[in-house]
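Copied over from TrEMBL:
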- B:Asp425: active site, 4-aspartylphosphate intermediate (ACT_SITE)
- B:Asp425, B:Lys426, B:Thr427, B:Glu557, B:Phe604, B:Lys627, B:Arg661, B:Thr742, B:Gly743, B:Asp744, B:Arg852, B:Lys858, B:Asn881, B:Asp882: ATP binding site (BINDING)
- B:Asp425, B:Thr427, B:Asp878, B:Asp882: Mg(2+) binding site (BINDING)
- B:1205-1219: compositional bias 'Polar residues' (COMPBIAS)
- B:43-110: domain 'P-type ATPase N-terminal' (DOMAIN)
- B:904-1150: domain 'P-type ATPase C-terminal' (DOMAIN)
- B:1200-1219: region 'Disordered' (REGION)
- B:86-104: transmembrane segment (TRANSMEM)
- B:110-126: transmembrane segment (TRANSMEM)
- B:305-327: transmembrane segment (TRANSMEM)
- B:357-379: transmembrane segment (TRANSMEM)
- B:939-959: transmembrane segment (TRANSMEM)
- B:971-988: transmembrane segment (TRANSMEM)
- B:1014-1036: transmembrane segment (TRANSMEM)
- B:1048-1066: transmembrane segment (TRANSMEM)
- B:1078-1101: transmembrane segment (TRANSMEM)
- B:1121-1140: transmembrane segment (TRANSMEM)
Amino acid sequence: MNSSGGARKEGGSESSSKKSSKKPKYSRFTQQELPAWKPILTPSWVIGTFIGVALVFIPIGLATLSASGRVVEIIQQYDEDCVPPSYKSNRVAYIESNSTNKTCSTSLIVPKPMKAPVYVYYQLENFYQNHRRYVKSRNDKQLRFKDSANSTKGCDPEATLNNTGPIVPCGLIAWSLFNDTYKFSINSKSLQVSKKGIAWESDQKHKFGSDVYPKNFQSGPFIGGAKLNSSIPLSEQVDLIVWMRTAALPNFRKLYGKIERDLDANQNISVIIQNNYNTYRFGGRKRLVLSTTSWIGGKNEFLGVGYLAVGGISLFLALGFILVYIFKPRVVANSECPSVWS
Amino acid sequence: MAKGRIRAKIRRSGLYTFCVRPQEKHAQEETSLPEGPGFSRIVHCNQPDVHRRKPYRYRANNISTTKYNVLTFIPKGLFEQFRRAANIYFLLAAILSVTSVSPFGSVSMIAPLAIVVGLTMAKEGVEDWRRFMQDMEINNRKVTVHKGDGVFEQFVWQEVVVGDVVKVHKDEFFPADLLLLSSSYEDGICYVETMNLDGETNLKIKRAQEVTLPLDDDAAFKDFQGMIKCEDPNPSLYTFVGNLEYDRQVYPIDPTQVLLRDSKLRNTTYVYGVVIFTGHDSKVMQNATESPSKRSRIEKKMDQIIYILFSVLVLISLISSVGFSIMTKNELPNWWYLRAPDPQGLYDPNNPILSGLFHLVTALILYGYLIPISLYVSIEFVKFLQAYFIDNDINMYHEESGTPARARTSNLNEELGQVDTILSDKTGTLTCNQMDFLKCSIAGVAYGTRPSEVELAAVKQMAAELEGKDPDIPSAGQKSEVELETVITAKDEKDHKHAVKFFGFEDARLLNGNWFKEPNLEVLLLYFRILAVCQSAIPELNEATGLYSYEAESPDENAFLAAAREFGFEFIKRTQSAVIIRERYPNYSEPVEREYKILTLLEFTSKRKRMSVIVRDEDGQILLLCKGADSIIFDRLAKHGKTYLEATTSHLNEYGENGLRTLALAYKKLEEAEYNAWNNEFQKAKSSIGSDRDANLERLSELMEKDLTLVGATAIEDKLQEGVPGCIDKLAQAGLKLWVLTGDKMETAINIGFSCSLLRQGMKQICISTAQMEESANDSKEKWLLYTDQAIKENVLLQITNGSQMIKFEKDPNAAFALIIDGKGLTYALEDDMKFQFLSLAVECASVICCRVSPKQKALVTRLVKEGTGRTTLAIGDGANDVGMIQEADIGVGISGCEGMQAVMASDFAVAQFRFLERLLLVHGHWCYKRIAHMICYFFYKNIVFGLTLFYFEILAAFSGQTIYDDWYSLSFNVVLTSLPVISLGVFEQDVSSDFPALYQQGPRNLFFDWTRILGWMGNGLYTSLVVFFLTIAIFDSHAFRPSGQVADMYVMGTIMFTCIIWAVNCQITLTMSHFTWIQHVLVWGSIAMWYVFITIYGALPLDISGNVYQQFVEILAPATIYWTTTVLVTVLCVGPYFIHMAIQRALNPLDHHIIQEIKYYRKDVEDQTMWHREQSKARTKTKVGFSARVEAKMRQLKTRIQKKQSGSTFPSPASLKS
């Protein structure tokens, strides 16, 4: 009837120490009581926000629109005109034949004065540079390193030339390099087209090796697009570098070069085009574009219109909400009006 | 589990075949132990080592409830992971990503899957580790074990082996199933509390075999030997078949000699026992069932959303692959630059269907972003943190027992916010099962001034209401008076709380011997003696304090004895034939010990509802002392015994209203001859054997217990757990329905109903019971007819229909109904053809109380409510008898803190006290529901935005399966760039921080996860994706985007688009949130900043890794103004509609929480207290139960009274307040 008093006492102290250890420690975090900012949408916030948006957006929209308005752009489609009349019904045969004369001339009229530099673009349409098969068909390693000529993974079917080794640069992108050329002249005085700085600097410096030279390029049974001078390293092949930046959409422009000279209004620029590139097979169009730029880039009315529209709608909404608050007021922080507690 | 058991059986029966049979045969000769498999266990007492070896190898006493062990964790865990359909999809995608079909690099597919599976498994591991630690805690409990040579030593539980002799001390748990050998009592009995097993709180008596009684000290076990042959381990708690072979004799063992693991030794200093079943073989462990895995409503709905999105995924994949096939067939031959077909046939114009099929696989992987793999891991993580907050909530920590709340499963957090019906156990959950003697009525005079908890609560509430609700009515003086009253009572309570256990009585007229000065001294004396003598308890002297405590069958008796002691009639000893009372009279200095010879004891049964003793006092007078339910006693009063009937009845009504349990006391004087004549017959009947024995005894008791004289009545407070009425009130305000399911008698249940304000005066009670029928049947000649099942059933049905009719024709809108049904009635009501009628009646009633229900019925009722109403149910209970209910309900809550673990083990959440349910549901539940709902909606939104832009690009890329984004963007989108804000939404969002019970209804009504809202979010996602994609395209299409003339290539375009998405979705989430701590700020704005950091660092990485985005941000994008202006425009356009929607909703159709937020925002709660209180009270759901409802009724009464009296400037007296 006795015994074990000590043992139980021990048990008691044990449980009490357990007790204290089980107690959650107080901290504002664990108790979810951290100080907090609890914003709510009061009428003044709503109206303030809309007016604020309008105040910011409308000026930006106007600025953007005016910048876009200063940009002068000349667009000339030439794929139709450059096919000789005799080949009009069979354009593909014309372009795929080696014996036809691909030279063609056209002229552009400068509508407004164009400040240097004037950028020259070629624009292709219905050309799926974003097709998965196409996008993957390249090998970055090969482009960079001299020793990696053999790494042609993903480049099929333009990976190697039968028995003679790898193609550098390999893959469909490089193989289908755009090869139309333009020669500009005003009053038979030729305009220099500079290729300097048309490619991204990092591309030129790091992505394309300065000691990698084209090899076996366009030597296979199928000739795609432009040939490359095998004595110029890839890092200097700016057209290739630009081309290899595949476009996001099937209609795209790419920088061809720039004319480092102001062009005056009404000047007539004659262009001699070597119309080599086969867009006729897939029904694509080719255009030549001359454009100046502003701080927003090229001619871009959409952005300005967008800003103006959003700003305008905000202004309208601000008015609308003011009317709502006037004519259908709900005293905030009062539950009397709407019987929400029912 | 089941499998394991079968295997175990086979193994053991095999064992039987090989070695046990010969011995078994030998035993068979002398005993009737059933033969065959299932009865093969052999225990060599006191030879534990034998069982470690073959052929026994019984399971050790350590238990393990873990799912995995070190070896099985990886394979089993992986298997569990890939049972999820979504994970299989991701696994397939990852496998396919290695092939050329995949639009992504393989790393970007495998890495997230590995992370997801890894994290989930880590979580499993942590949870399992916790289970392991819990097991270890149990396994390392200490017990005294016989080491040999009569020496006992402390061992940990897991070292206990079958055959060990253990000594268990008072208040210790039994470490295994034991055969009781002897106890500290001479006759070898011991008291056992089996709460962990069956939830019953009363003590059970176990009795050792006589032959082992001499083994009552340590030394006796030196040479103890014996053998037990018994049944194999099985889950039946109430049976045991076996024999003890001891001293060449065989003694059968019955269940009363077996002490079960997890039950507790009480009132007995120590016992010795032999271990029969250890560890998982023990009955309690055999009973353990794995709790069913439950999923929340939201999660189930999420599955449906996933199916929808999966359909969308398949649809756009099909569109994509059909488009691809057509393109391949018609266009690809012309696209010379693609050089189709390729050798693999992926782009074969001659076989477009095959290529299309390949592409289908590609597309399915590509658009997989619609079904985000990270959703699962984010939800798991969020729920884990939510559970962490629940575990660490200091408001749910119970100081006395040192128990915090526990979220045992984290996947039901949000379900807590959608509960509609709570099914609660009574004893141990609502009440502490402690009775306090509070008031009494003796000789028609009411004694006892202490208010009951119900009164107290009502007064407090009323005071608060007066203050807040009607500032214009009570003047300052009135207010302060009410306050004063409240303060006094509150102080009172503090002073006297727990002064004497079981005794809360307070009245100077009776205490300290003052009763001697009262009139009716004779009756008082009788009253006290009935209290002291008419009982069946055992006194126990606490040597340290010199006070007696009592071990009684029921807590009521404890209260009576405590009261008798306090009045000066201390019960000090019980012998076989007498009780000795130490009586203290104020005029004597010394107490007198009086002996009352017990002649006959007529026991209390629930059917009789009374108990009587016939005693002979020291003067030789024979008395019948009786206590029982008032209705029973009143029916049996003599004509001259009704002197106090009227007064007592009115007192009893008052007590009942105040939530007290009442009993009436009566006596009668007997003549020697009269008693002897009766006793002869009674003894005869007692010793007779036959079917009518019980009926005979019953008849004889009935004969004796009549012509009584009423003495008085007792009022006992069944102590509610702390804060129960308040909690019930809050829950009722939140629109939750509370059903009480109890094993108690109907009267007790109704009393508790009153004391916790589930019932109140003026509420119409619909009682459905078979009892009154049986009673009436007693008088009826067609008894046999009425007793048929069919008849009872029809009667129950009739009662139900009557009840429904009553409700239907009720005109008063304020009328409230309560349904009270007993277990037997429930048996019929739960039958298939009746249950829905029963349910529809029950749903109409404000309170439902089911009494006398078995654990199984509890589960059935729960299922009925769950399935019948389709609403979320929560079951809360503390005992093993609640396990069924807890497992059946959508959410099971176990009361921890008290020793019972069964309910907790089966539960999803464990709290120490019922009152913590309020915070668990109204705060955590509400928050978790909103958080998860918002989080899931937002998650789908952001993935729809992302996934659909991929699809749009597909259309423009000739359905070729090209992505506009870099692989690593896609990869980090869900993992790094947008995951943290959504997690912060899921973890930290709070709509309002105060307690507004009415807001809870947003959950059960599912305002935040209904289809309109989900589809709204999806629509928003569609809109945002369109804006992002086409606006970016429109702005950047073909033009130069920099002053230096360059145009955007695919990767630049992708980065711009991605930037817009990051901004749009993160701004969207800020609009969704309404609570910003620094954490949200850091995570949301940090995510946006992270994106720029990411592209900067990614762009700076060597070309091998960064590829097409090498130096892109720094060199190409950052200097372009248009990049930034586009981001701003797109973001504003994306979140605009949601912002407008919010503004309109707030302006014209605000939700409840909006208004409360506004009040808080304008600090009206601080500046305008009156208004704040008004709002607060308005923010409650009109309720028909809880003391608010009760007070409301009283308020009306009071108000009229005040208005009447105001002209005379008399204030309501405290008495009128309380009445």
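Positions of Cβ are set from backbone N, Cα and C atoms, glycine also.
Keep in mind that TrEMBL annotations are predicted by a computer and have not been checked by a curator.
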The predicted model's mean pLDDT over the domain 'P-type ATPase C-terminal' (B:904-1150) is 90
Have a look at the recorded positions B:Asp425, B:Asp878, B:Asp882 and say which one has the shortest Cα distance to B:Arg661 (ATP binding site). B:Asp425
With DSSP as the reference, give the number of residues of the domain 'P-type ATPase N-terminal' (B:43-110) in helix, strand and coil. 31 helix, 3 strand, 34 coil
Relative to the Cα of B:Asp425 (active site, 4-aspartylphosphate intermediate), which of the binding-site residues B:Phe604, B:Arg852, B:Asn881 have a Cα no more than 10 Å away? B:Asn881
Give the nonlocal contacts of the transmembrane segment (B:110-126) in its own chain as ranges (CB under 8 Å, at least six residues past its ends). 67-68, 73, 77-78, 80-81, 87, 90-91, 93-94, 97, 373-374, 376-377, 380-381, 384, 971, 974-975
Hey, how far is B:Gly743 (ATP binding site) from B:Asp882 (Mg(2+) binding site), Cα to Cα, in Å? 10
Row B:Asn881 (ATP binding site), column other C-beta within 10 angstroms, all chains, value 26
Binding-site residues near B:Asp878 (Mg(2+) binding site), in sequence order, restricted to B:Thr427, B:Phe604, B:Arg852 and a 10 Å Cα cut-off: B:Thr427
Beyond the flanks of the transmembrane segment (B:86-104) by 6 or more, those residues with Cβ under 8 Å of it: 110, 112-113, 116-117, 306, 344, 346, 358, 361-362, 364-366, 368, 371, 373, 376, 961-963, 967, 970-971
Rank the recorded positions B:Asp425, B:Asp878, B:Asp882 by the number of other Cβ atoms within 10 Å of each Cβ, and give the residue at the low end. B:Asp425
I'm trying to understand the geometry here, so how far is the Cα atom of B:Asp882 (Mg(2+) binding site) from the Cα atom of B:Thr427 (ATP binding site), in Å to the nearest whole number? 11
Six or more residues beyond either end and a Cβ under 8 Å away: which residues meet both conditions relative to the transmembrane segment (B:305-327)? 86, 352-353, 355-357, 359-360, 363-364, 366-368, 370-371, 936, 940, 944, 947, 951, 954-955, 958-961, 1014
Under a three-state reading of DSSP, tell me whether B:Arg661 (ATP binding site) is helix, strand or coil. strand
Secondary structure at B:Thr427 (ATP binding site) (DSSP, helix/strand/coil)? strand
Maximal Cα-Cα distance (Å) across residues annotated as binding ATP, namely B:Asp425, B:Lys426, B:Thr427, B:Glu557, B:Phe604, B:Lys627, B:Arg661, B:Thr742, B:Gly743, B:Asp744, B:Arg852, B:Lys858, B:Asn881, B:Asp882: 31
Please report the three-state DSSP label of B:Gly743 (ATP binding site). coil
Going by DSSP, is B:Asp878 (Mg(2+) binding site) sitting in a helix, a strand, or coil? coil
Counting every protein chain shown, other Cβ atoms within 10 Å of the Cβ of B:Arg661 (ATP binding site) number 23
